[in-house]
């Protein structure tokens with residue numbers, strides 16, 4: 001569909017052409033959000049035939065959680081998205097829903113191991129959690145209990161536009177493994193991928209309340225064998241869900257390691273309330289994941305956090321990309337207040353897609369993330385603001401105007417005399433409304449302060465300050481890249497080893513910024529601000 005000016009897009013619905021406007025207050029201009037209604041976890045991320053598919057948890061009937069189906073959008077560059085019809089519509093939607101389609105993943109079955117392919121067409125196979133709100137006998141003849149969660153599959157022969165559920169045998173993994181059968185209400189979120197070394201399909205799924213992951217293998221995506229378990233380890237403050245398992249390059253060389261990601265709700269990073277995502281680095285032999293010793297901590301609260309902010313959850317990885325091109329997307333919201341954020345007619349957006357790799361930092365294999373969009377198509381190389389300061393005195397610099405959507409590159413010396421250095425963003429003219437992003441030199445921490453960021457009235461925990469550890473680089477320099485949209489701030493620190501993601505809801509005229517050094521001088525400061533255009537234009 002050809003994009004139109006003024007953030008209007010033309011869509012066909014039931015034979016009627018209409019225009020949709022992506023210019024509402026708080027509507028992200030370079031983050032994906034559905035035209036309308038509720039969205040949560042990214043699902044079925046698949047790169048196939050030059051197209052990035054983004055499926056997502058979606059309520060086709062309203063702006064709150066319910067009627068959970070799979071929405072669908074596609075892109076050629078992870079930047080400009082086209083929303084497609086609902087891919088998997090809750091069974092019975094419009095009357096009595098008997099099955100919802102909870103989170104899952106998708107693969108291209110290029111060798112047609114499933115037998116779903118016809119006439120030379122490669123089947124795309126989605127694996128998802130069937131949630132049954134009522135006890136029933138299914139078309140396959142299987143019986144399920146009220147509120148049961150089971151793993152099912154569906155396939156597409158038209159590159160993901162329409163899907164057929166495998167009713168003859170669904171669910172293909174009906175129950176949690178022994179001895180955890182009692183956990184049938186908390187068995188969900190399968191992540192499936194092809195393991196080339198063993199020539200098997202592998203799926204990892206969550207036994208949520210027990211903080212365990214169950215790993216299965218299959219030859220055909222239909223018949224599954226339990227091969228191992230993982231957990232509990234590290235943070236266990238809430239349920240484990242939305243797991244992932246991916247191989248990543250280490251130090252840009254020939255060596256690799258495997259990474260498990262797992263959502264946690266509640267019990268997110270220190271200082272947050274609600275959900276978060278942790279990760280483990282280790283080895284995977286096709287059946288068993290063995291974590292590295294330095295990725296596991298004593299107790300049940302310390303973790304390797306994928307993001308230290310409050311609004312990055314249910315991160316999922318793309319199938320179909322090469323080892324060096326791995327990309328994850330996270331849900332940019334939080335279960336603590338997600339149903340109450342002040343947006344309309346949609347609720348929730350996705351975070352910027354992130355390129356993932358591992359680097360040895362402080363002798364430890366560490367996840368590093370970089371923002372992955374077609375930046376040259378939406379941002380100029382020439383900054384709208386560029387300043388350097390050999391020494392920035394205590395106090396604030398003159399105000400500059402940024403607009404609502406922009407990127408900030410900041411660097412400064414870790415040997416500065418200041419206690420903190422920060423930039424105030426999305427600020428009102430008198431700076432009574434502002435979001436602060438900065439660095440605490442003594443604690444060696446990034447911080448993001450949204451206590452005065454705009455509308456914080458919808459949840460008592462929203463107005464808060466968040467921190468993430470960041471050691472200066474080998475030259476003693478601290479580097480931050482900050483991406484600001486109409487209702488979000490995403491901070492990438494250092495090489496991407498520390499990120500913080502937070503929603504904000506500022507006034508539309510809060511378009512000012514300034515630098516501030518507190519408790520002394522900040523040395524060798526460079527600040528560049530780049531305008532980012534709307535992807536909907």
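Even glycines carry a Cβ here, placed using N, Cα and C.
The signal peptide annotation in Swiss-Prot covers 1-19, and the record cites experimental evidence as its basis.
Look at Swiss-Prot and you will find 40, 41, 57, 65, 103, 188, 189, 241, 335 tagged as beta-D-fructose binding site. Remark: residue 241 (active site, proton donor/acceptor) has 103, 188, 189, 206, 208, 262, 263, 264, 265, 314 as non-local neighbours, by Cβ distance under 8 Å and separation of at least 6 in sequence.
The secondary structure of residue 41 (active site, nucleophile), as reduced to three states from DSSP, is extended strand. According to Swiss-Prot, the feature active site, nucleophile maps to 41.
Annotated N-linked glycosylation site per Swiss-Prot: 49 (among others), in sequence order, evidence recorded as sequence analysis. In sequence order, 159 make up the list of same-chain residues 6 or more apart from residue 49 (N-linked glycosylation site) whose Cβ falls under 8 Å from its Cβ. In three-state terms derived from DSSP, residue 49 (N-linked glycosylation site) belongs to neither a helical nor a strand segment and is classed as coil.
Within the same chain, residues at least six positions away from residue 67 (N-linked glycosylation site) with a Cβ under 8 Å of its Cβ are 59, 60, 61, 90, 93, 97, 100. For the recorded site, residue 67 (N-linked glycosylation site), the DSSP three-state label reads coil. Positions annotated as N-linked glycosylation site by Swiss-Prot, on the basis of experimental evidence: 67 (among others).
The N-linked glycosylation site annotation in Swiss-Prot covers 111 (among others). Under a cutoff of 8 A between CB atoms, and with a sequence separation of 6+ in the same chain, residue 111 (N-linked glycosylation site) has no neighbours.
Marked as N-linked glycosylation site by Swiss-Prot on the basis of sequence analysis: 112 (among others). DSSP assigns residue 112 (N-linked glycosylation site) to coil in the three-state reduction, outside any helix or strand.
Taken from Swiss-Prot, the feature active site, proton donor/acceptor applies to 241.
Taken from Swiss-Prot, the feature N-linked glycosylation site covers 254 (among others), and the record attributes it to experimental evidence. In three-state terms derived from DSSP, residue 254 (N-linked glycosylation site) belongs to neither a helical nor a strand segment and is classed as coil. The Cβ of residue 254 (N-linked glycosylation site) has no same-chain neighbour under 8 Å that is 6 or more residues away in sequence.
Note: residue 300 (N-linked glycosylation site) has non-local neighbours 232, 234, 235, 236, 237, i.e. same-chain residues 6+ apart with C-beta under 8 A of its own C-beta. In the three-state DSSP assignment, the secondary structure recorded for residue 300 (N-linked glycosylation site) is coil. Feature annotation from Swiss-Prot assigns N-linked glycosylation site to 300 (among others); the stated evidence is experimental evidence.
Taking the Cβ of residue 398 (N-linked glycosylation site) as reference, residues of its chain lying under 8 Å away and at least six apart in sequence are, in sequence order, 514. Positions annotated as N-linked glycosylation site by Swiss-Prot: 398 (among others).
Summarising the environment of residue 430 (N-linked glycosylation site), the number of other Cβ atoms within 10 Å of its Cβ, over all protein chains shown, is 9. What Swiss-Prot lists as N-linked glycosylation site is 430 (among others), and the listing cites experimental evidence.
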Give me the Cα-Cα distance between residue 40 (beta-D-fructose binding site) and residue 112 (N-linked glycosylation site), rounded to a whole Å. 31
Using the alpha carbons only, what distance in Å do you get between residue 41 (active site, nucleophile) and residue 335 (beta-D-fructose binding site) once rounded? 11
Using a 10 Å radius on the Cβ of residue 57 (beta-D-fructose binding site), the other Cβ atoms enclosed count 24
Residues that sit under 8 angstroms from residue 112 (N-linked glycosylation site) by C-beta distance, when 6+ apart in the chain: 122, 123
